[in-house]
Amino acid sequence: VLFSRHCSPCDIKELLCSSSNIPRNTAIMLMDPEGSLLSIDPTMPTNSASSLYKVIPVSDRQLGEKEDMFQNVISQVAEQFSRAFKIDELKTEVANRLATLEKRVELEGVKVVEIEKCKNDLKKLRDEMTSRGGRQYTLSQETIEALKKPTFDVWHWEHNEMLSCLEYMYHDLGLVKEFTINPITLKRWLLAIQENYRSNPFHNFRHCFCVSQMMYGMIHLCNLQDKLTLTDLGMLMTAAICHDLDHPGYNNTYQINARTELAVRYNDVSPLENHHCAVAFQILALPECNIFANVDAEAFKQIRQASPHMQSLHFELGIKLNYTCLTSHLQAIITLILATDMARHREILNSFKHRVDNFDFTNEEHVTCLKMVLIKCCDISNEVRPTEVAEPWVDCLLEEYFMQSDREKSEGLPVAPFMDRDKVTKPTAQIGFIKFVLIPMFETVMKLFPQIEEIVVQPLRDSRDHYEELKQIDEAMSEVHPPLMLHPALARKKQKICH
């Protein structure tokens, strides 16, 4: 049988069947003289007359037996593979993992959708704020003029209105331009400030606004724009706004006597004031709230010795600071906020008294001393305001004092007489403070700025006279109606009712 190498195996089988007189569709096997099976395809070796190939028909039964044998072998091999590689367990594990992955993908997909939605909402809010950025809150001319005076009534304004007034002050003083403040950043910063004042009876955001508005009024009344730099004005306003951040409602005496975390952290040295500084810088550390972010770096940095309290401040902030290269701006804010600690009142006032007669506005030490006295004046300036504005502040302060003294009594701590609800009255609380703290300090400032006498100092004298009259009335009433001696149980009941 001759065939081409391009023939198919089927063609060769047909040729072999024809030459052997076997039906064409019969299954055949081809064997060599040694009885070995040959593959029927064009590549099989050529034979000769002395080595004939044998063509053998294969019956259906033989084929069936061979198929069964092959199936058995395949089944056995598959079973052995399954046992060796634990295919069923692998299939189950793979299926479980796929199911878990599918679920995770589904959840992640939901999260992605939610994140994208949040991003879109934030973008809309940012766009809205940006669109409003160019439009400042419009204050009436009457309000603008009132803001510059100590007679301003701080009780008639809601928080959002006070925020707008503070924002206006920064624009009006030229601070936004001086520090290249993004108007949106200024809004965010002021909002963050408000959120970090607690709802105490006295030391709250309204007190912050009260002090800041008085500082703004003193700047105009004393014509400080002509005597101090815009940087000085910016530090005064910023320190006034931040000076009582996160005040807990209990003063330094309580912090120290109760060994609170703040007292331990700052070694009993102005713990609250150091904490106010720390919170102020935590807010400024947020990029979206950093109103000094655009100040020129070279102008911003000056080599200075850091405050001795900055090591503890670093601990609270949890950030790394360069203690020998603090910015003059931040150092100025620290100095001013720390000056509001009444424990340093005599020290700071005496320092100013020594300089006031020969005050030099070109002398940095003189100016720093003045700024410290100014923020002290503004911090305790409520009695400068009209009686109807000032007197509610006394009630708020006494409420906070009584909360502290009650707690001190319950904890077995010393109680200051001026904070004890059983010993103090409104007139006795105010007379000594006005006579021995407020009037001497403001009269010293009056030597440098005589124009404040009528608007600031005289109201203090009137307030002193007002409370002395109230004290005389209280004493006269006590003589007419002497206090009754009560049984201890009744006294406790009366005290409870007073609460």
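Yeah, the Cβs are placed from backbone N, Cα and C, and that goes for glycine too.
Here TrEMBL flags His203 as active site, proton donor.
The AMP binding site annotation in TrEMBL covers His203, Asn204, Phe205, Arg206, His207, Asp244, Asp379, Gln430.
Less than 8 angstroms from the CB of Asp379 (AMP binding site) sit Val211, Ala240, His243, Thr340, each of them six or more residues away in the same chain. The annotation Zn(2+) 1 binding site is assigned in TrEMBL to His207, His243, Asp244, Asp379.
For Asp244 (AMP binding site), the same-chain residues 6+ apart in sequence whose C-beta sits under 8 angstroms from its C-beta are Tyr197, His203, His207, Cys208, Val211, His276, Thr340. Residues annotated as Zn(2+) 2 binding site in TrEMBL: Asp244.
If you look up TrEMBL, you'll see 118-474 marked as domain 'PDEase'.
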Of Asn204, Gln430 (the binding-site residues), the residue whose Cβ has the fewest other Cβ atoms within 10 Å: Asn204
Within the predicted model, mean pLDDT of the domain 'PDEase' (118-474): 89
Candidate with the highest Cβ count within 10 Å, taken from the binding-site residues Arg206, His207, His243: His243
Largest tally of Cβ atoms lying within 10 Å of a Cβ, found at which of the recorded positions His203, Phe205: His203
